[in-house]
Structure formats: C-alpha cells, structure tokens
Amino acid sequence: MSLIDAFSSPNRQYGHINAVLICLSVGMLSAAWLLGVVSVAPNRIVAGTSYGLVTAIGWPGALLVSLLFVAVGGLAIKPSRLHYCAQLCIVTLTLLLMPFGLMVAGHWLIDPTLPQARLGIGAGYWVALFLLLLCLVELRLRLELSRLWTTLLLSSVGAAWLVCAALWLDNLALVQEFQARDKQFYRAMLQHVVLVSIAVSVSVVVGLILAMLMRRYQRLQRVAFALLNFLQTIPSLALFGLLLAPLAWLAANVPFLAQLGVSGIGTTPALIALIAYSLLPMVRNTYIALDEVDSNTLEAAKAMGMRPRQRFWQVRFPLALPILLEGVRITAVQAIGLTAVAALIGAGGLGTFIFQGLGQAAMDMVLLGALPILVLALIVDAGLGALADALRPGGHE
Amino acid sequence: MIELSHVSKHFGEDTAVDDISLHVAKGKFCALVGSSGCGKSTMLRMINRLIEHSSGDIVIDGQAIEHYDLVKLRRRIGYAIQSTGLFPHWTVARNIGLVPRLLKWSSADVKARVEELMCLLGLPMDEFAHKYPHQLSGGQAQRVGVARALAADPDILLMDEPFGALDPITREKLQDELAKLQAQLHKTVVFVTHDMDEALKLADHLVVMREGRVVQQGTPLALLQNPVDPFVESLLGGLERGLKQAALTRVKDHMSSLGQSLPAQSRIPGDFSLRQALSMMLRDHCDRLTVVDQQDMPIGELSLRKVVKEAQLDKVSHREA
Amino acid sequence: MKRDGDRENLLMTAGPRWLWPVGWALMLLVGVWAMPVLEPGFRWLEPDARQVIYSRADFVSLLARHVFVVGIAAVVTISVGVLAGIAVTRQWGRDFLPLIGQLASLGQTFPPVAVLALAVPVLGFGTLPIIVALMLYGLLPVVRNTLAGLHDVDASLKQAALAMGMTSWQVLTRVELPLATPVILAGIRTSVTINIATAALGATVGASNLGDPIIAGIVNGNMAYVLQGALLIAFLALTVDSLFNALQQQLQIRLSAP
C-alpha cells in the first residue's frame with residue numbers, strides 16, 4: 001500500500017472547492033505571463049534572448065492559452081465528476097497543443113536566413129508543462145483513474161509530441177541537437193539500457209543468494225550490511241574514479257583480462273561500481289522481504305508437512321515477491337541515474353551528452369541527455385510498479 | 001491414540017512443560033485449558049514435532065513420534081490454529097487441497113475431496129472456491145482452516161485456540177458445528193483453549209494446566225463436581241459452577257416417572273439440560289416440569305427438589321467412589 | 001510502505017554512540033590539514049605524475065564550500081519539507097495531501113544527475129544550480145518521511161489529546177511531532193547523506209567543492225587526486241551519518257525510557 005492510498009479518504013466529497021487545481025491554474029498563468037516562454041539563439045553556444053508569451057504566439061494565442069488555464073481553475077470552484085472530466089480533457093488538449101505553440105513561435109521569431117538560429121524552450125514553458133503534469137496527477141487521483149488509462153493518456157500525448165518534433169519542429173534547439181547526432185543518441189540509449197540491465201540482473205541474482213546466505217549465517221548479515229552501507233556512503237563519482245586505478249593496473253599486468261576487455265576506463269569499472277551500488281537496496285529488500293513473511297503462515301506450512309524446499313518455493317518466496325520486486329524497482333531506478341555518472345569514466349550511455357554538453361556549455365545537449373534519462377526512470381518505475389501489483393495475489397493488501 | 005508419559009520441555013533455563021503424562025483414547029476429544037503461557041500450546045506443538053520435546057515419550061498409535069518420518073507424521077495429523085495460517089497467495093480451494101496434493105493424490109481426487117469438505121463446513125463451492133483468504137470473514141477463514149486440517153482425513157486433529165479471534169456469536173456457532181462434526185467423524189482431537197466454557201462444551205476429557213504442569217484432568221463433570229484446588233475452581237467459574245454442571249446433565253437422566261397428580265403446565269424435551277430446566281422453572285414460576293419426548297408425548301416429570309437433590313447425590317456418590 | 005529507517009543500527013551498533021561522529025570528524029580534519037604529509041603514500045600510487053597532492057585549491061576551502069552548499073540546501077530542505085508535511089496533514093491543507101504525497105514518492109524516481117543537469121540550463125553555471133538541485137532532490141525524502149511519521153501517530157492518541165482539551169496546536173507540538181520525530185529524522189538523514197555525495201557532482205557544473213579533485217583526477221588520469229577527493233567526501237559523509245545515527249539512538253532511548 002502506498003503512502004497516498006493510506007492518506008486518501010475513501011469518500012472524497014465533491015462540491016467543496018478544490019484549492020489544488022486553483023493554485024496550479026494561478027501558477028500556470030503566472031508562469032506563462034511573467035516568465036520567458038521561449039528563447040532564440042543565433043547558434044548553439046550563445047545564450048538566447050528570452051521572449052514572453054505575447055511576442056511568441058501573438059495576442060490570439062496568448063488569450064487561448066490563458067483561457068485554457070483559467071478554465072482549469074474555474075471548473076475547480078465547484079468540483080463534480082463532470083467538471084473533473086472536463087478539466088482532464090482541457091489539460092490533455094493543452095498538452096497536445098503545446099508543441100504547436102513552439103511551432104508558431106519558431107515560425108515568427110526565427111529568421112529563416114540564419115540556418116544556425118534555434119528556438120530554446122524557456123523557463124515559463126517548462127514550469128507550465130510541469131504544473132500541467134501536476135494537474136494530471138491531481139485529476140488522476142480525484143477521478144481514481146486506473147494505471148492503464150493514465151499510461152494510455154500519457155503515451156498518446158508523448159507520441160503526439162514525438163510526431164510534432166519529427167515533422168514540424170526543425171528549428172527547436174533540442175531537435176537540432178538530436179538530428180546532429182541521432183546515431184550517437186540511439187547508441188547511447190542502447191548502452192545505457194544494456195548497462196542498467198546487466199547491473200540490475202547481476203545484483204538480483206547475487207542479492208538473492210546473499211540474502212539467503214545471510215538468513216542462514218547471522219554473522220554474515222552484520223558484516224555484509226556494514227560493508228554495503230559503507231559503500232553507499234562513498235559518492236558514486238568517487239567510486240567510479242577509484243576503480244580506474246586497480247583495473248588499469250590489472251589490464252596492464254594480466255593480459256588475459258585485457259583481452260576480455262577489462263580496462264581502467266570504460267564499461268568494466270562502470271559495471272563493477274554499478275553492481276556494488278545496486279547490491280545494497282537489492283540485498284536489503286530481498287532480506288526484509290524473505291524475513292517478513294508471516295510466521296503463522298510458515299508454521300502452518302510446516303505443520304501441514306511441507307518439506308523445507310516446498311515451504312521456500314511455494315510459500316515464502318511467492319509471498320516475498322512483491323517486496324522483492326519493490327527492491328528491483330528501487331535498484332533499477334537508482335542504476336539508471338548512476339549510469340549517467342558513469343559516462344564520466346567513459347562508460348558511454350546518455351550521461352555522455354550531459355557531461356559533453358556541460359563541457360561545451362551547450363545546454364540543449366545537456367537536455368538531450370537528461371530528459372531521456374528522466375523518462376526512462378519514470379517508465380521503469382511505473383512498469384515495475386505495475387508488475388509488482390499484478391503479482392500480488394488477488395489484489396492482496 | 002496419543003500417549004504422553006513424563007514429557008518435559010525446557011527452553012534454556014526455563015521449563016515450559018514439566019513432566020506431563022496424558023492419554024487421549026482414539027476418537028476422544030481432549031481439551032487443554034489454562035491461562036496464557038501455561039505451556040498448553042507448547043504441548044500441542046510437541047505432538048506434531050513443531051517443537052521437539054526435551055524428555056519423556058510421546059507415542060502415537062503405539063510408535064514413538066521420533067520414529068516416524070517427520071513429514072509423513074505431520075501429513076497424517078491435521079492442524080488448525082487461531083490465525084488460520086491460510087496461505088494468502090492461494091485460493092480457498094487450493095488451500096484446502098494442500099495436504100492431499102502433498103500426498104500426491106490425483107487431481108480429480110483432490111477436487112472431489114475439496115468439494116466434499118467445503119460442503120461439510122457450509123462453504124458453497126461456487127461462492128468460495130476461488131476467493132482469497134483476505135476476502136473472507138473471520139468465521140469463514142476459520143472454517144477453511146478446519147477444512148484444510150481435515151483434508152487428508154487424518155485420524156488426529158490438533159487445534160490451537162482455533163476460535164480465539166472470533167466474535168462470541170460466530171464462536172458459539174462454530175463450536176456447535178465442531179461438536180456436530182466430531183459426533184460424525186470421531187477424530188482423536190487435542191484442542192487448546194483458554195475458554196473454559198468452550199472446553200466444557202466440546203471435550204470428553206479435560207486437562208487443566210498451570211505453569212507447565214497438569215493441575216487436574218478428568219471428564220468435565222468430574223472436574224466440575226470435584227475441583228482439586230481454588231485455581232481450578234475459579235477457572236471453572238466459582239459460584240457459576242453449579243449451573244455449568246447442570247448444563248452438562250440431561251433432563252432425561254434425572255426425571256421421575258409420571259405421578260398421580262396433575263401434569264405440570266410447562267413442558268421440556270428430555271434432551272435439554274438441567275440448566276435449561278432450572279431456567280424454565282424460574283421463568284414460569286413453577287417447581288415442576290413435564291418432560292416430553294420428541295413427539296411431545298409426556299414421558300416423565302422433573303421437580304425442583306429432584307434437580308437440587310440429584311446434584312447432591314451425584315456429589316456423594318462421587319466421593320464414595 | 002518502505003521507509004528510510006532501516007539503516008539505523010546496521011552500520012554502527014557498538015561503542016558509545018557519540019564516539020563515532022567525533023572519530024570520523026577527527027579523521028576528516030586530519031585529512032584536510034595533513035594531506036600533504038601523506039605525499040609519499042600517494043607518490044607510491046602515482047609514481048609518474050608530476051604532482052600527487054591536489055593543489056589548485058586548498059582542501060580547507062574545498063571542504064568549507066562543500067559543507068556550505070550542503071548546509072544551505074539542508075536548512076531550506078528541512079524547514080520547507082517539514083512545514084509542507086505538516087501543512088498538508090492539517091484539516092485546511094488536506095486538499096493538497098494526495099498531490100504532495102504522490103509527488104514525494106514520484107520524485108524519488110528522478111536521478112540526481114538529471115535534476116542537476118536540468119537546473120543548469122535555467123540557472124547557469126556555478127554554485128546556485130547545485131544548491132537548487134540539492135534542495136529539490138533533498139526535499140522529497142524529508143516530505144515523504146514527515147508524512148509517514150505524522151500518519152503513523154496513533155489516531156486514538158490524537159483523539160485522547162483533543163479530548164483532554166488540548167488545542168490542535170498543542171496536539172501538533174506536544175503529541176504528533178515528538179512521536180513523529182524519529183521517522184522525520186531518518187528522512188533528514190537520508191536527504192543530507194545523499195546530498196553530500198551528490199554535491200560532488202557540482203564540480204562538473206563549475207561549483208568548486210570536494211568533487212573537484214575527483215573530476216580533475218578522472219580527467220588527468222591521476223588516481224591520487226581521485227583518492228583524496230573520495231576520502232574526504234567519505235569522511236564527511238560518515239561524520240554526518242554517524243552524527244544522525246547517534247541522534248537517533250539518543251532519541252530512541254528517550255522514547256523507550258519507562
């Protein structure tokens with residue numbers, strides 16, 4: 001049971017003013033009107049000039065946007081299921097319209113004679129987008145939308161954005177960054193996913209074995225937890241760095257390992273560090289999951305004459321599975337972030353763009369790395385969360 | 001048949017069970033009663049070797065339990081506990097079919113057996129078979145627990161406060177059903193409870209325990225008539241003891257033949273208890289009842305004097321014996 | 001529901017509890033001031049390097065900046081996070097509870113690097129983006145644990161307190177908060193420890209702190225630099241972590257005292 005379920009009252013009353021959506025609506029309006037929504041830069045390094053809402057999409061556009069935002073807040077004064085549904089439609093519509101705003105702004109503000117000129121997304125735009133997504137979360141909670149519906153809604157919005165970006169948003173800085181290195185991007189994406197998958201699967205297997213050993217030998221439990229906790233205190237950046245030296249030495253002095261591809265820089269130290277970090281959440285959750293299975297249930301299994309192996313695989317393990325998967329989820333999400341840092345020691349992956357971009361002061365390149373990492377983390381989080389729910393027998397708990 | 005002789009259990013320094021001897025004949029219902037921590041649960045769990053005893057002998061059907069194969073021993077002993085211990089990730093049907101499946105029955109046999117048991121315990125198959133334990137009420141879950149314990153038709157049934165967590169009404173209903181079931185199945189039952197009324201109602205043989213020792217054992221009536229010390233007496237209800245004793249005695253066994261005088265107005269079936277007869281007299285302000293058979297035909301009469309005197313006579317005869 | 005409380009007692013159980021933080025702090029200070037003394041050791045590690053002790057900035061100021069960044073972020077994070085947690089659990093703020101709760105658990109998903117990287121385009125290079133990123137990132141465990149801690153306070157206790165005639169302010173300050181403190185403290189501990197490590201990434205966006213030697217070491221292939229940065233950050237993290245551990249134990253003793 002998640003924290004939110006624990007708090008939310010089952011009988012959410014309608015009819016009483018919804019302050020959340022009104023605040024969000026006011027927030028969106030102020031972001032759109034007070035902050036720059038887009039910026040235009042003559043090339044990829046120079047910082048752009050920022051433009052407000054009216055300059056970007058003209059009075060009609062600005063009024064349309066404001067109307068949509070006001071409608072979201074206005075409908076929240078007297079909430080009902082119907083109003084919430086209407087708000088959901090408005091929010092979805094706004095999300096779908098947002099790339100067209102960029103298109104219009106690009107058309108008006110960019111001088112077509114400058115091939116290098118590009119359109120940047122401004123703070124106002126980002127804040128409004130973020131608040132719109134919050135509206136979506138709030139509406140989802142109020143309407144008690146299922147996971148499936150939310151996923152469908154979000155993926156259709158995402159797909160629409162991708163289509164717009166591919167077809168019409170050529171002068172958007174992010175798109176230009178992508179087009180300049182699309183092969184590189186796909187390779188980095190693949191590398192990222194592969195690194196994370198290997199690290200997570202190794203730590204799942206090792207974690208399970210270690211947790212089972214720890215259940216048997218209590219002394220091992222103390223030592224292993226102390227060690228793993230200590231490892232977590234070392235900053236990831238430092239651990240990546242520290243592995244460079246011994247591995248470089250090994251590669252130089254043990255030719256066999258060098259042939260296997262072990263080297264100070266690159267994938268090997270990255271993987272070792274990733275696995276080391278992944279072990280703590282994995283082992284901890286696996287251990288707790290196996291340990292917290294109701295002792296009455298286990299004793300009943302024993303009294304019914306189940307053999308130890310049967311008790312483990314038919315009772316303890318399936319009952320531990322949801323918490324165990326929660327561990328996999330935490331580990332995977334953490335590994336996605338850490339793999340980004342691993343780019344610093346040449347492991348590749350999406351982090352490459354972040355650090356290259358920071359090095360060249362090319363902010364759009366930073367975004368090209370950071371946004372997909374964020375999306376990847378959210379997708380993995382939602383996917384594994386759904387899996388854990390599905391494996392919970394009969395909607396248990 | 002279960003035979004315990006001089007059984008003790010030590011946990012480190014502590015003695016949980018101290019030199020207990022006990023005989024449960026085949027088909028008998030034995031209740032272990034005592035306050036919590038008196039060692040009754042420990043004793044129960046030593047019978048299916050969830051806890052190994054430290055010394056003494058536990059013999060089942062003529063063979064010491066340590067000579068049985070551990071797993072086989074447990075599969076031939078049914079076990080039901082207070083929290084039910086149902087597997088939350090399995091359906092009701094699968095939970096009940098657990099032991100038969102462990103014993104490698106064919107799936108058709110398992111299915112038939114599950115159906116039979118659910119019918120026996122009043123759980124309609126199509127309503128409950130596919131439910132998960134957390135979707136059941138306390139009473140329903142407990143029925144499933146009992147059904148699971150009975151699944152492989154064990155001779156012996158161990159029950160550890162199976163109705164302890166239920167509300168009084170449900171508890172009473174399940175007690176009645178268990179009594180009916182026992183009359184039908186004649187299992188050898190060892191039943192742990194701290195509720196003396198439950199024990200009096202169900203048991204053929206009552207064992208009162210305190211601090212790991214047996215204080216007194218015997219038939220419920222024998223204990224009620226002659227508690228050995230104040231502890232047992234208070235456990236049996238102190239002043240209420242007379243009424244409890246009356247509750248265990250049938251009207252039929254104490255009535256006198258119909259006299260010459262006019263039959264009394266109030267009628268009572270012969271299967272009712274003396275306690276109910278007393279209650280009826282109090283209600284109807286009379287000191288005589290006409291005892292009737294199932295066809296409502298008078299078969300005798302019962303007077304207040306007789307009720308009081310019979311109880312006294314019982315006590316005297318018991319002392320003499 | 002997972003909480004960040006289960007770390008306690010696993011790392012350091014033995015010994016008087018205030019000895020550990022003092023010990024680690026001493027190690028940290030010795031490391032900061034006496035790093036040059038260890039030159040022979042580092043020389044052995046990197047025999048060919050021109051220089052083995054990081055010298056572009058002295059360690060004292062690097063440490064000071066590191067602590068400053070994490071400290072500012074922590075102060076803001078704790079005050080905003082705890083206040084927000086309290087606000088949304090009051091009657092008048094309940095409307096915001098589902099959203100904030102959802103946000104707090106969703107936010108754990110955001111990788112710190114990505115948050116940092118997203119802060120830079122908006123705020124530019126330097127110390128500001130790292131402080132903001134640390135604040136955003138550190139806020140979530142604090143809010144989450146504040147919510148969990150307040151939620152776990154037995155409802156019947158609150159009822160009893162109200163029934164005795166306490167005002168809702170008194171219920172909050174005398175019943176709810178004291179009982180929720182261990183869980184809130186665990187959240188703050190997670191937040192600060194993560195931030196100490198994450199702050200090192202600030203070196204990549206131009207904020208100079210203990211991450212500097214590490215980045216410089218990775219870029220130049222000089223292990224001695226990496227080791228110096230890593231050691232000092234680890235000591236700092238262990239000092240703070242053991243300090244929280246000691247605090248938590250102190251609290252536990254007080255709460256469980258008869």
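Every residue number used here counts from 1 along the chain in the order it is shown.
A Cβ is built for glycine as well, from the same backbone N, Cα and C atoms used for every other residue.
Please treat TrEMBL annotations as automatic predictions, because they have not gone through curation.
According to TrEMBL:
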DOMAIN    A:189-384  domain 'ABC transmembrane type-1'
TRANSMEM  A:20-41  transmembrane segment
TRANSMEM  A:53-76  transmembrane segment
TRANSMEM  A:88-110  transmembrane segment
TRANSMEM  A:116-136  transmembrane segment
TRANSMEM  A:148-169  transmembrane segment
TRANSMEM  A:189-213  transmembrane segment
TRANSMEM  A:225-250  transmembrane segment
TRANSMEM  A:256-280  transmembrane segment
TRANSMEM  A:312-330  transmembrane segment
TRANSMEM  A:336-355  transmembrane segment
TRANSMEM  A:367-388  transmembrane segment
Hey, would you say the transmembrane segment (A:312-330) packs against the transmembrane segment (A:116-136), going by three or more CB pairs under 8 A that are 6+ residues apart?
no
Same-chain residues near the transmembrane segment (A:20-41), Cβ under 8 Å, at least 6 residues beyond its ends:
47-53, 56, 62, 65-66, 69-70, 72-77, 79, 87, 101-102, 105, 109-110, 117-125, 127-128, 131-132, 134-135, 138-139, 173
Given a Cβ distance threshold of under 8 angstroms, which distant residues of the chain, six or more beyond its ends, lie next to the transmembrane segment (A:116-136)?
21, 24-25, 27-28, 31-44, 48, 50-53, 72, 87-88, 91-92, 94-95, 98, 102, 105-106, 109-110, 150, 153-154, 171-174, 176, 363-364
Distant-in-sequence neighbours of the transmembrane segment (A:53-76), which means Cβ under 8 A and at least six residues beyond its ends:
17-22, 24-26, 28-29, 32-33, 37-38, 83-84, 86-87, 90-91, 93-94, 97, 101, 104-105, 108-109, 124, 135
